[in-house]
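Taken straight from TrEMBL:
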{"type": "TRANSMEM", "residues": "16-35", "note": "transmembrane segment"}
{"type": "TRANSMEM", "residues": "41-60", "note": "transmembrane segment"}
{"type": "TRANSMEM", "residues": "81-99", "note": "transmembrane segment"}
{"type": "TRANSMEM", "residues": "105-123", "note": "transmembrane segment"}
Amino acid sequence: MYSDIRSRRTPIPTPPIVRMGTSLLIAVGVAALSTDLARGIQVGVMVGAIAAGLLLLFGHPYRREMKEFLEARNAVIKPQLGQVMPLFLVWLALMVVPVFAPLPIWGTVLVGLAVFGWMYLVFPHVDGTRALAYA
């Protein structure tokens, strides 16, 4: 089973700028909630950063390549539970981090790094590019 997973190559990998940019923007959004800024500013930064990340994700031309790849194979990839489950930890961070606010600057940086690392790690599963290997 594991060798089958490792042997399948992702035909259209997520562009590094999208993977890093979206991961960074989501991390900034979560980390903003750990600062001592006014709650309205925290929420504004969070919403703006996450919206910009989603815009980068869904607005990049590689999404068109994914669609063309699927059409050429007469395949359709629907959103799966496995694509959404990795986002649970980000949602949990969005709910828990404000409880500990304001964190010292090193705490905010650690929150941002943790969310960035997690999002970067699971990004191909969340955006659906890894599923193309099974189409």
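The backbone N, Cα and C atoms fix where each Cβ goes, glycine too.
All TrEMBL annotations are machine predictions without curation.
Of the two recorded stretches, the transmembrane segment (105-123) lies close to the transmembrane segment (16-35), with three or more CB pairs under 8 Å once pairs fewer than 6 apart in sequence are set aside. Same-chain neighbours of the transmembrane segment (81-99): 26, 29-31, 33-34, 42, 46, 111, 114-115, 118-119, 122, 125-128, 131, counting only residues six or more beyond its ends whose CB sits under 8 Å from a CB of the stretch.
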